[in-house]
Every structure is written in structure tokens, then in C-alpha cells.
Amino acid sequence: MKNLLCNSLFFGVAISIIGYEIGLSLKRKFKWSILNPLLISIIIVIASLLVLKVDYDSYYSGAKYLSYLLTPATVCLAIPLYQQLELLKSNWKAIIAGITAGVITSLTTVLILCFIFHFNHAQYVTLLPKSITTAIGMGISEELGGIVTITVAVIIITGVFGNIIGEFVLRIFVIENKIAKGLALGTASHAIGTVKAMELGEIEGAMSSLAIVVSGLLTVIGASIFCNFL
Amino acid sequence: MKYIRQFGIILVITFVGELLKAFLPLPIPASIYGLLLMLGLLITKIVPLEQVKEAGDFLIEIMPLMFIPAAAGILLSWNTMKEILIPLILITVITTILVMAATGKATELILNLGSAKSKETEDICHEESTM
């Protein structure tokens, strides 16, 4: 049985989709925001791997076809962005200001907290790109001498956390404008936050997609400056 | 056939993104080059929206699924992470909330400044026309 699961090409994809479907139906049934479909599917996949004693590499040999689609899907985020182009043109100042404020907040907060927790330089640069999209974040971490596997893990935890808590944070801080909501989700929690923004609406989704690109590029520059501070 | 064609166009653009990444010495991933390229092609109407819309919407819709494999990969870095787990969680939680609040608030601030200003000019125009 174990051998069968380890050698199956479709087990990885199947368990991921089943996990996500269970997450969706739980969410529909109970409507609590902690029952986030993505979080539930991740827990179900990890639990199944541990219980069935399937190692991650065997799971990934099938599940990598899901990851394979991530690059073309990110390319497609240009479509909602294109559909909101007028909005982007007429509000570009506020958009740039908002994303820049977010990126500076991210780098500064990581600096202060790493200082408080006595993190060393390698641990600090590992966390610097935590709010941006995985592909750019990995590159920055590697370039600056961070621990890339932890960077990836923290980026994903940030995304999932932002996805779960996003609506709540926007409500607490009374952020009501659709452009502001989208940018906040995308700048704080990249593509996984954008999934939430897409649920909120077309404008939010487009702005969140834009924030992934701009905050990613700004962080490349910002991290190369901030890496000298600790 | 329509979907195959649309998916084909998206993959070709993604591939060109990979080429750009290979040739340009910048720390920018293929997906971001591809996104910018797609946006440029849509704006110039070289690729009309109808030629990528359905397949693109489908990919965006199933995007959450694509994060599951990498997220489950936390299993692998668990041993390195658990020594600094508490600070790591605190940093993630605090930063994410603050970045969200700062971005949203800064955007609204500038948006309101802008709309206040345009309202002012409207008022002036209005006064002039009534005078």
C-alpha cells in the first residue's frame, strides 16, 4: 500500500485537490474565516503524508504539476490588471505611495524585530523578503546569504496568514476603499493574499496583482540597502 | 480548441518570460517578466483580451491549489525552523498586520488628498460659473 502511494503519480495532485474541496465545503458549512480552504488543505496534505508515511519527495513528484502551473497563472494576473487599467492610470500616485509605505514598513519591522530577538545576520536576511512573491524572495535571500528553505516557508506562512486574517485587519483599521484593500492584501501577503483579494472583487484583485509586482521590485532594491543594518 | 489555443498563447508568453530571465542579469523571476509582457501585449492589442481570457480566468481560479505543494514543503524545513519557531511566528504575524495597515492607510490618505483637491477645483469652477 505504502509503495503504491509512493509510486503513484496522481496521489499528490489528488490529495491536494481533495484537501482543498474539504476546505471549501467546511468553509461553506460553518462560514468561520479560520476555516480557510488553503490552510485546511495544507493541514490535510501534511497530516496524510505523516499518517500514511509517504515522504515529501514522493508526494512532490506528482504534486509538482500543480506548482508547474504557478508561473503561467502569475502571468495571467496581467488580465485583471489590464481590465482595471483606467483605474490604475488615474490613481497611480496613491498606488505607488501605498505600496512604497508597505515595503518600507515590512523591511523596518523585520529589522526591529530581528534586533529584539537577537537574530544573526543570516537569519535577518532570510526574513527580509518575507512579504513578497516566492520567486523574487528566494532570489533575494540567496543573494544576501540567507537560509533559502526558511525564506520559502516564511513567505508561504505569511501568505496564508494574510489570506486568513486579511478581511479582519482591513475592518479593524477601517480600510474601505477597494484600491486600498487590494494593495494592502497584495503588498502584505503576495499571491496568496491576492487569492483573497480576488474573492473580494475585481478591483481588489487587480490592485493586489499590481502590488505583487511593484512590491517585489521595490523589495529587491530595499533589501539590498536594509541588509547592511544588522 | 479555443482553450488549447488560449493556453498555448499563455505558455508562449511564459516561455518568453523564462528567456528574459535567462538573459537579463536581474533578480526578477520569469513570472514577473511574463506578467509585464502579457500586460504590454494586451495594452497594445497585439494579443486581444478574448484570446487569453477564459484560459487565464481558469488558471487564476485554481491558483490556490498551486500553493499547496510548496506549503506542504514546510515539512522539510521544520527541523531548522523549530528552534526559532516562536520569534518566527511573532515576526510573521506582526509584520503582516502592520504592512497591511500601512499600505491600506497610506493609499487611502493619498486618494483622499487627491479627491479633496479635485473637489476644491470643482468648487472654484462652480463659483466662477455662478458669478
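Glycine is no exception: its Cβ is also placed from the backbone N, Cα and C atoms.
Look at TrEMBL and you will find A:6-22 (among others) tagged as transmembrane segment. Taking Cβ pairs closer than 8 Å, the transmembrane segment (A:6-22) reaches residues 37-38, 40-45, 48, 54-55, 58-66 in its own chain, all 6 or more past its ends.
The transmembrane segment annotation in TrEMBL covers A:34-53 (among others).
Long-range contacts of the transmembrane segment (A:65-82) within the same chain, counting only residues at least 6 positions beyond its ends with a Cβ under 8 Å from a Cβ of the stretch, are 12-13, 16, 88, 133, 191, 194, 198, 202, 205-206, 209-210, 212. Positions annotated as transmembrane segment by TrEMBL: A:65-82 (among others).
Summarising the annotation, TrEMBL assigns transmembrane segment to A:94-119 (among others).
Sequence-distant neighbours of the transmembrane segment (A:147-170) (same chain, 6+ residues past either end, Cβ-Cβ under 8 Å): 33-34, 36, 38-39, 42, 122-123, 126-127, 129-134, 137-138, 140-141, 176, 181, 184-185, 188-193, 195-197, 200. Residues or ranges marked as transmembrane segment by TrEMBL: A:147-170 (among others).
As annotated by TrEMBL, transmembrane segment applies to A:210-229 (among others).
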